[in-house]
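Feature list (source: TrEMBL):
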| type | residues | note |
| --- | --- | --- |
| DOMAIN | 194-384 | domain 'Glycosyltransferase 2-like' |
| TRANSMEM | 46-72 | transmembrane segment |
| TRANSMEM | 371-391 | transmembrane segment |
| TRANSMEM | 403-429 | transmembrane segment |
| TRANSMEM | 484-504 | transmembrane segment |
| TRANSMEM | 510-533 | transmembrane segment |
Amino acid sequence: MESVTSSAAMAALPETFQEARDDIAGQIGLIWDQVKAPVIVPLVRLTAFLCLVMSVMLFVEKVYMAIVIVGIKLSGRRPDRRYKWEPLREDLELGNSAFPMVLVQIPMFNEKEVYKLSIGAACGLSWPSDRIIIQVLDDSTDPIIKDLVVMECERWASKGITIRYEIRDNRNGYKAGALKEGMKHSYVKNCDFVAIFDADFQPEADFLSRTVPFLVHNPQLGLVQARWKFSNSNECLMTRMQEMSLDYHFTVEQEVGSSMYSFFGFNGTAGVWRISALNEAGGWKDRTTVEDMDLAVRASLKGWKFVYLSDLKVKNELPSTFKAYRYQQHRWSCGPANLFRKMLMEIIRNKKVSPFKKVHVIYNFFFVRKIVAHIVTFVFYCVVIPATVLVPEVEIPKWGSVYIPSIITLLNAVGTPRSLHLIVFWILFENVMSLHRTKATFVGLLETSKVNEWIVTEKLGDALKTKAITKASKKPKIRIGDRLHVLELGVGAFLFFCGFYDLGFGRNHYFIYLFLQGFAFFAVGFGYVGIFVPHS
């Protein structure tokens with residue numbers, strides 16, 4: 001009898017659980033129906049409208065820059081035609097004194113893999129040896145690496161190169177602090193111009209002979225910026241994606257800024273400053289993580305003009321791991337937003353530049369490119385469009401969900417024609433990265449506790465080529481916390497849920513995109529992107 005009773009009880013359990021599940025699902029459905037009409041639908045509709053407005057703003061900006069670039073190419077509007085440029089030559093009477101004194105600064109921090117590359121390239125610049133000073137600004141905390149850098153400096157000094165090894169007892173201000181301290185040394189007073197190279201940058205020997213003449217012959221110019229060339233772009237798919245994004249920046253954004261407004265954001269390296277322009281602008285400031293952009297904006301507001309040389313390329317390295325790339329993108333997204341917050345009124349009140357240039361700096365340079373571009377990419381394509389699957393009352397017009405994004409994507413891709421076949425991967429990867437960029441943008445705008453977080457981007461140099469194959473084949477030990485990224489997993493789960501809902505009940509047919517984008521978020525979230533660096 002007892003066994004029959006227990007059997008009946010066991011049989012009743014699944015029915016009880018089923019009823020409980022049905023009851024919970026019913027309650028959730030009831031709550032959703034009650035909240036949906038008065039709260040969810042208006043909220044999604046408003047967000048969709050704002051995103052469409054931002055999409056149009058970004059679209060107009062991209063098309064405008066594309067038109068300008070075509071005009072530049074057709075008109076042959078090269079820098080040497082807009083500004084006077086003549087090669088500098090040794091004077092029979094003055095000798096090497098005809099050449100200006102140039103300071104070359106190389107800031108570094110524990111750069112074990114690349115310190116030889118940058119120091120060697122700087123010491124190999126073609127310039128009279130008595131008219132150039134190489135200044136190595138070493139903030140390294142590893143005593144072994146510091147000793148290695150000292151030995152490298154001594155090795156070049158023994159060859160007759162004027163090279164100074166400078167350290168300080170703290171890292172206040174990070175890179176900006178190091179550059180600021182470097183400018184305080186007495187021997188800098190004799191210098192007219194300063195070239196800056198990050199530790200992984202390797203300028204060609206003719207770098208100074210191609211840049212300095214612009215500054216010598218055009219007193220209104222304060223900065224000459226060269227283009228970056230990526231030595232490891234073929235290392236993995238992630239570096240190819242980075243190359244596509246940065247090539248657009250250099251091919252289009254910097255070129256347009258230089259040609260139309262004589263203003264663009266200094267890239268922090270591979271450029272030459274007129275020291276008097278740098279000083280007039282107030283020197284280096286460490287109030288944001290984009291000290292280079294900060295200096296450029298302040299110098300522009302003083303009336304100084306900039307020129308960008310697209311045909312002068314300086315070799316450097318892209319981040320090879322997702323962790324390094326994510327930290328870099330946080331810095332590059334948070335800093336401009338925070339700088340915009342700090343300088344908006346200063347730009348508006350400035351009386352030295354024209355209203356036309358003010359509008360360009362505030363609207364085009366800062367608001368659309370540094371804020372709107374990040375927010376609309378994540379909120380619209382990864383939140384709002386998927387949400388319309390669950391809220392069919394809100395419809396996104398096809399021009400906003402298909403046509404505008406397609407044109408923007410194609411215009412972005414023209415910077416790297418060789419990677420056009422990777423455009424789908426690039427879209428998915430950029431949407432994933434937009435999560436971090438959007439978060440960093442709000443951190444900068446709201447000035448939260450992480451606003452000045454600075455983590456040096458890890459560089460590998462030639463280490464991948466020189467390390468033993470047996471060592472390379474070992475998988476590095478990675479902690480679970482480093483491997484899993486909760487935000488990406490959360491967004492990926494949301495996209496998959498919306499995709500399945502669209503497949504079963506929806507009418508938008510977004511599920512293919514939602515599954516692909518959800519998979520991209522999961523791939524990053526589970527640590528399958530940029531973890532194991534490939535070895536050649």
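Glycine too: its Cβ is placed from the backbone N, Cα and C atoms.
Along the domain 'Glycosyltransferase 2-like' (194-384), the predicted structure has mean pLDDT 95. When Cβ-Cβ distances below 8 Å are used as the criterion, the transmembrane segment (403-429) is approached by residues 55-56, 58-59, 62-63, 65-66, 237-238, 240-241, 243-245, 247-252, 381, 516-517, 520, 529 of the same chain, each at least six residues removed from its ends. Nonlocal intrachain contacts for the transmembrane segment (510-533), taken as residues 6+ away from its ends with a CB within less than 8 angstroms of a stretch CB, comprise 235-236, 238, 319-325, 381-382, 385-386, 388-389, 424, 428-429, 431-432, 435, 460, 464, 475-476, 478, 482-489, 491-496, 498-500, 502-503.
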